[in-house]
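Asks: So that we are looking at the same thing, I have put the structure below in structure tokens.
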Amino acid sequence: AAGGGWRCGRCPDGAALRWCISGTLCASFLGLGMSIAVLGPTFPTLAANVGKNVSDIYYIFVGRSLGSLGGSVVGGVLLDCMNATLLLAFSMLGTAAGLYVIPWCNQSLILTILMSVIGGSMGILDTGGNVLALYTWGSEAGPHLQALHFSFAAGAFLAPLVAQMDLGSSKSEELSGAEKTNQSVLKSVPTASAASTTPALNDHRNESFLWSYIFIGSYILLVSIFFFVLFSKSSSAKDKSKASAHKDKLAKYHWPLVGLLFVFFLFYVGAEVTYGSYVYTHAMVFAEMKESEAAALNSVFWGAFAVCRGAAIFGAAFLSPATMIVLSLLCSAASSTALAFFSHFRAALWAGSAVYGASMATIFPSGIAWIEQYTVVEGKTASLFVVGAALGEMCIPVAVGYLQGRYHHVPVVMYTAFVTSVVTVLLFPAMYKLANWPQQRDSREVSDRETRKTLLPNSRLTEDEEDEEEQHVREWNDADFEVVEMNDELKNSLMDTSHRIPGDSPAVQPHLDNALGDPPVVADGSPGRQNGSIDWEKSE
């Protein structure tokens, strides 16, 4: 990632800055969840504003879905050529602007266009938020990714409360389960209960929902300011240096691995949204539950989902992403099997829904954290994950609705949960093998190279030490030779002086011996020849 990726945790102030980035991302995903989920309870009011029935403006959801897909793709491209925090700041500004305008919109076409713009901004935020968390924390990103997606779930939970806070009535609107999905690219689907709502609403109700949109828009505007502040603290030079370092980590089978995870997310998110959207209807038709019981069952599914996602923030600090994925897939397979073949038992339906919701909570953030260990997750790569999740969210529920309409007596929803669980259980071992197999072979080569690099400096150091030792010895030998030459010159000088002294003086020899000191070692190793030479000279 050339421009967007930067890590700031290797300097004294880096730890505080990283936590600021993580906190701002969580705040943005909280606003993302509120922005998506607020459409459910306000949908009748928006239909009344444009003079349409609820069933006649379903295309606004299509517009938001297409906008989210386009935003994910565009965001992935932009992340690789500009600063991530600046891109997220502008995406938040776009979302806030759309939320400010929507309550006053009185034409369905303009409303659809605004929904598409908001969807595009949300797609950029969804892609960029995950990528920025990876760039900021690296291998430590697991808990922070879990916190991001938990913040989204918390925002989806708070949105109906925000929408209802100015109603002045204790009666709350029934909320579709499809508005509480785990995936931050969720697109709301109108429910039967919403379709039956009367579009004619009084002015007080309209004004209440108007302020809910402005409240959420103001919150998102505030978060965008924090992103601009973070941008002022970032360094483009760091971005480029980190990008060059990331290129060395690219996996050998990068794109096949990304493609498999694309399909994995498509089935996983599609199954999650499908179950959350249709379990209410299944409970009433196949389990013959009352409306209150079916709504409670739906709440159990999403409640277990939200609780498990919150607990995953702490679990990710102790468990590896692969371990969390395996545990989630095993629980998903077991619960979907029970739902597919034993859902006619109410106990199995309640327990299976709770376990199935909990097993779905951690897969998406854990999957992103897992693949980051093996290859580079750039903007384009992350956008593919979001697009795959969005396609699964759009296509699988539509297919299930079509099949359920044709085969009324078949629990298509439960069989879909079972089939998708089997597909994901088979896909992950294939991805794991593909990610690790070439590295197992290459790791040995890398280890050998590192060993040679380690030994080579040591061998050079040993050779240098030997050269220094030899030089030291040569210097000492040269010094010895100089001393010997000095002694020879001194001896010859003294001997010449003794020849010029008239007569034989017995005092010459002791002075000569004292001046020369110990005679130097000659060829035969005996000093006698010096004495003999001197005696011979005397005899002359």
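The backbone N, Cα and C atoms fix where each Cβ goes, glycine too.
All TrEMBL annotations are machine predictions without curation.
For reference, TrEMBL lists these features for the protein:
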type     : residues : note
TRANSMEM : 16-37    : transmembrane segment
TRANSMEM : 57-79    : transmembrane segment
TRANSMEM : 86-103   : transmembrane segment
TRANSMEM : 109-135  : transmembrane segment
TRANSMEM : 210-232  : transmembrane segment
TRANSMEM : 253-280  : transmembrane segment
TRANSMEM : 300-319  : transmembrane segment
TRANSMEM : 324-342  : transmembrane segment
TRANSMEM : 348-371  : transmembrane segment
TRANSMEM : 383-403  : transmembrane segment
TRANSMEM : 415-435  : transmembrane segment
REGION   : 439-477  : region 'Disordered'
COMPBIAS : 441-453  : compositional bias 'Basic and acidic residues'
REGION   : 492-540  : region 'Disordered'
Asks: Six or more residues beyond either end and a Cβ under 8 Å away: which residues meet both conditions relative to the transmembrane segment (210-232)?
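Replies: For the transmembrane segment (210-232), the list is 17, 20-21, 24, 27-28, 31, 34-35, 38, 42, 83, 85-86, 88-90, 92-93, 95-97, 99-100, 102-104, 159, 162-163, 165-166.
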Asks: Taking pairs 6 or more apart in sequence, does the count of Cβ pairs under 8 Å between the transmembrane segment (324-342) and the transmembrane segment (415-435) hit 3 or more?
Replies: yes
Asks: Is the transmembrane segment (300-319) close to the transmembrane segment (109-135), in the sense of at least 3 CB pairs under 8 angstroms with a sequence gap of 6 or more?
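Replies: Between the transmembrane segment (300-319) and the transmembrane segment (109-135), which are separate recorded stretches, there is no contact, as judged by 3 or more close Cβ pairs.
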Asks: Would you call the transmembrane segment (383-403) and the transmembrane segment (57-79) in contact, using three or more Cβ pairs under 8 Å, pairs 6 or more apart in sequence?
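Replies: Yes, the stretches contact each other.
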Asks: Please indicate, using numbers and ranges, the residues of the same chain that are 6 or more beyond the transmembrane segment (300-319) and have a C-beta under 8 Å from a C-beta there.
Replies: 142-143, 145-147, 149-150, 153-154, 157, 177, 180, 182, 275-276, 279, 327, 350, 353-362, 365-366, 369
Asks: For the transmembrane segment (86-103), could you work out the same-chain residues 6 or more beyond its ends whose Cβ comes under 8 Å from its Cβ atoms?
Replies: 4, 28, 31-32, 35, 46, 49, 71, 75, 78-79, 111, 114-115, 117-118, 120-122, 124-125, 128-129, 132, 206, 209-210, 213-214, 216-218, 220-221, 223-225, 227-228, 231
